[in-house]
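Participant: According to TrEMBL:
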SIGNAL    1-27  signal peptide
DOMAIN    35-238  domain 'Neurotransmitter-gated ion-channel ligand-binding'
TRANSMEM  241-264  transmembrane segment
DOMAIN    246-484  domain 'Neurotransmitter-gated ion-channel transmembrane'
TRANSMEM  271-292  transmembrane segment
TRANSMEM  304-325  transmembrane segment
REGION    363-394  region 'Disordered'
COMPBIAS  363-374  compositional bias 'Basic and acidic residues'
TRANSMEM  468-486  transmembrane segment
Amino acid sequence: MKRKSLSSFYVSLGLLFTAVILKAVESAKGKYAHMLFNELFEDYSNALIPVEDTDKVLNVTLQITLSQIKDMDERNQILSAYLWIRQSWYDAYLKWDKDKYDGLDSIRIPSNLVWRPDIVLYNKADDDFSEPVNTNVVLRYDGKITWDAPAITKSSCVVDVSYFPFDSQQCNLTFGSWTYNGNQVDIINSLDSGDLSDFIEDVEWEIHGMPAVKNVITYGCCSEPYPDVTFTLILKRKSSFYIFNLLLPCILISFLAPLGFYLPADSGEKVSLGVTVLLALTVFQLMVAEIMPPSENIPLIGKYYIATMTMITASTALTIIIMNLHHCGSEAKPVPQWARVVILDYMSKIFFVYDVGENCTSPKREKEEEHTLEGAHTLDGSQRRHKEVRSPLSNRNDDCNLREKVNGNLNKSCGVHGKNIRETVNCCSCYKMLIKNIEYIANCVRDHKANRAKGIEWKKVAKVMDRFFMWIFFIMVFFMSVLIIGKAA
């Protein structure tokens, strides 16, 4: 027990001794750091470029780390990003011998105390022209200064929405010195691309790379070259949100338009369905127009909306024309012979359009035979009834003729029966008027049946045309949907 307590005492004593030494070292380094700071900045000025020879070029190494994409404003064509900007250069007047300062090789001081390159974002699209964040810089004994500063940048980006929502964008971030030309300050890429190791995944965009390219440009205002480094941010839009909220509802709504041809003409809802679908697509079109910039490049989904709206407008117009055919009455002309052959004979069989009382389970021949037999029975019955009606009338008419002849002869011979003869003549004239009335009624019934058959034929023509255009528009909607998906792929 005594040995254990003794060993633990020695360990505690050793730890205490180590802490005291480290504290003494830190205090010594802090003392040397203050001494070094006072000696370095005694005659230092941060207003002039820190080179001993003005003919020499000061090299500034630039590195960009993309942390997050805050917003992509397609309408205003502005990209907002959160960046970490690292710049490093050598200051010829901030060097020291680390052995003189107890091995102190680096110190951290406020960045506004040293000279800083005026590297700015050329394509900045922000109204705020404030100074960079005043973070500390790391100063090494050999004069190397490293400055890490976070920045929220808003840069102009030419947005091409031709294939929205399946589009890819390339946004440039161009950094360069605002006042120093290439003979004074040169910019060097630290890496071939931007650093994406600390990137936070965005909900709308995928990052496919950030290559960096150095450019040396001579502007019209000056003869000296001005170098810059351009980082190209390659973005790919995540289209799932727009597929489920803009594209899929449009496809489902567009498939309702051909079903307007399947509605019965007497329902009164054929035109209302087309107008309702057209208004729904107009609302979706306005939603897309609010997102997209007002440019000449119409997005892919906008083209799909316009094509679908045109198709629905055409289907509504055709529905109105077909309804006029359906409501053709007795005053209309008969169905032309070519329409009777093409539409009623052939197209009706192709699109399975049947007459009233027919369906797909009862073949048309059986129905025709039944109608023929019923017509024959009806015709025989009507002929019999007509004969039954006409037989007594004709017999009575013949009797009247005979009686007239007989009575005429009797009149010549004798005038006693004059009163009876007049009564017989009046009876015969009544029978003749009755026959004329019955013939008039029969002609009216025949004309009514002919006009009704004419209206039924026009209704069948309208029904066949409805089925024909329904399948045509279904095929058009299907191919339009396949085409937009193919273009997106």
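Glycine too: its Cβ is placed from the backbone N, Cα and C atoms.
Bear in mind that TrEMBL entries carry predicted annotations, made automatically and left uncurated.
How about a rundown of where these features are and what they're close to?
Facilitator: Under 8 Å from some Cβ of the transmembrane segment (304-325) lie the Cβ atoms of residues 247, 250, 253-254, 257-258, 260-261, 265, 270-271, 274-275, 277-278, 281-282, 284-285, 288, 298, 458, 461-462, 465-466, 469, 473, 476-477, 480, 484, all in the same chain and six or more residues away from its ends.
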Participant: Using a Cβ cut-off under 8 Å, which residues of the same chain at least 6 positions beyond either end of the transmembrane segment (468-486) come close to it?
Facilitator: 247, 251, 254-255, 257-259, 261-262, 300-301, 303-304, 307-308, 311, 315, 318, 322, 347, 351
Participant: Cβ under 8 Å to the transmembrane segment (271-292), counting only same-chain residues 6 or more beyond its ends: which ones?
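Facilitator: Here the qualifying positions are 74-75, 161, 164, 246, 249-250, 253-254, 256-257, 259-260, 263, 299, 301-302, 305-306, 308-309, 312-313, 315-316, 319-320, 323.
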